[in-house]
Amino acid sequence: MMAPNLAPIPELYVSYDSAQKLKLEAGNLVSHDLTQRQTCDLELLMNGGFNPLKGFLSEEDYDSVVDTMRLADGQLWPMPVTLDVSESFAERVEIGQDIALRDQEGVILATMTVTDKWVPNKSREAEKVFGADDQAHPAVNQLHNHTGKVYLGGPVTGIQQPVHYDFKARRDTPNELRAYFRKMGWQRIVAFQTRNPLHRAHQELTFRAAKEAQANLLIHPVVGMTKPGDVDHFTRVRCYEAVLDKYPSSTTHLSLLNLAMRMGGPREALWHAIIRKNHGLTHFIVGRDHAGPGKNSQGEDFYGPYDAQELVRQHQEEVGIEMVDFKHMVYVQEKAQYYPIDEVPEGATVLNISGTELRRRLAEGLEIPEWFSFPEVVRELRRTKPPRAKQGFTVFFTGLSGSGKSTIANALMVKLMEMGGRPVSLLDGDIVRKNLSSELGFSKEHRDLNIRRIGFVASEITKNGGIAICAPIAPYATTRRAVREDVENHGAFVEVHVATSLEECERRDRKGLYKLAREGKIKEFTGISDPYDVPETPELRVETEGTDVDNCAHQVILKLEQMGLIAG
Ligand code: PPS
């Protein structure tokens, strides 16, 4: 049996009085604004969650971790925890210098004595740590596209914890959890790590794990950073709270972990085990495809489904935590009960709903059966993600000046308002230029800024469940793509190319601008003296020559119906 050691674990914080003094002094230091991921890492460094680390990795430790999963002194540590900065920031920092580490609001959380500064080989880090230099892996994508060029290493002196305004009562440092376990007299505690809402299969699995290990259960979800596209942590925590009373209350505890996951499969599982050991746990559940990042760019899984279990098994004794391994759990209809897939009675009917299928059912407002999840959890998920016909979306018209964008957009707005149900906002080119972008002209830089502003407003409208109709020229494909990415974080983006030819726009010349442009009296005029990138694959292309406005707007309505954005 694993002996519990619930003595306090070392933290990197200085005393309250020293912290006040240090904070004043640190105001004069060169300071680095932490990214969200670095703030998560710093919190766990300072509170002992990343014990034995005393700061961000030095170059020697980094090389050793990347190559051997161990620090230079031989201690097991599978995941690089590094402070990446820009080249320009690195130039301002000398070895031996103290720097201040600030959160995104500018609050000084810690100081760090810089002992190392180096340019890492990111492809090597990707290959060795994540198994492939393939940007389909979220951590590799992060490494190549969002991680600074230079790493700084050195010991950290903690001043204060990052401030959290949400779910304060559910967040515990390793020492707070250890104290809780001591107070409750819990000797054997099994942790369940998760980044997903808990459905019945998870409840069954955790229940069985606790029974098997004869242990109390800690549900220990990650609320720092998880896989892009996951259900947001606010919704998840409400779901966890809903499930909590399905467990016997004296045996189960819920605590939130502000970890920034890397989705590193086996290495990540081992890292999770060490972090749980630091939080005072004696047992740790590792299921199928633990911390799996999904498919690689060849469409194959990055890691085998049980690779993580294998690696944790090899090191569990050294870490001092016992793994409780689990196979994939499935529902057996005849028994009305969940079983590990390798224990299903012969000939029985197995039911399963994959993550993708669940998302589809939520998006289309379809039934989610009670054998799969708890009604309280489904209700929370539906509240956050209503079916498509109730979600916000953006219709983005693009086309030459005088192509008919505004007229069709206006007609569409009226038709959508007639249907009702969601607020509709029109961001017409001229309206925006009057209210949002009055200081801008028509250079590429100004047009881009104008479109990005429209995109920002449209994505906010979409996020809040409204319909944004945009109708600028938006001549540059790259800028339109950027707006699409912004909006698609929150809902659908429907690009409509109003494909009126230049000749027809010029023939109509409703504002007399083409004439002036031809005479050289208006510079940089789209189509005449400035480019227009024709959209290659818009959701819809409407021809206005020989078609009336009403019909054009109706084509858009049909498209929206087809995409499930309005009820048919
Ligand atoms: S952009 O490129 O998307 O930022 O343009 P937008 O904000 O939609 O503004 C286009 C309207 O401004 C008038 N206008 C010009 N258009 C193109 N090029 C130049 N140089 C120019 N100068 C003024 C024109 O009336 C556009 O209105 P629409 O409704 O498109 O005809």
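Keep in mind that glycine also has a Cβ here, set from the backbone N, Cα and C atoms.
Those TrEMBL annotations? Automatic predictions, nothing curated.
The structure displayed is predicted, hence computed values, not measured ones.
Among the features that TrEMBL reports, domain 'ATP-sulfurylase PUA-like' is placed at 5-160.
If you look up TrEMBL, you'll see 171-383 marked as domain 'Sulphate adenylyltransferase catalytic'. In the predicted model, the domain 'Sulphate adenylyltransferase catalytic' (171-383) shows an average pLDDT of 94.
Residues or ranges marked as domain 'APS kinase' in TrEMBL: 391-542.
DSSP assigns K405 (ATP binding site) to a helix in the three-state reduction. Look at TrEMBL and you will find G399, L400, S401, G402, S403, G404, K405, S406 tagged as ATP binding site.
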Listed in sequence order, residues with CB under 8 A of S401 (ATP binding site) and six or more positions away: I473, C505, K511, L513, Y514, F525, T526, G527
Cβ contacts of G404 (ATP binding site) (under 8 Å, same chain, 6 or more positions away): V498, T500, T544, V549, C552
Neighbours of G399, L400, S401, G402, S403, G404, K405, S406 excl. site residues, C-beta within 8 Å of centre, ATP: I473, V498, T500, C505
Cβ contacts of G402 (ATP binding site) (under 8 Å, same chain, 6 or more positions away): T500, C505, E506, R508, D509, R510, K511, L513, Y514
Binding-site residues close to ligand 1 - of G399, S403, G404, only those whose C-beta is under 6 Å away: none
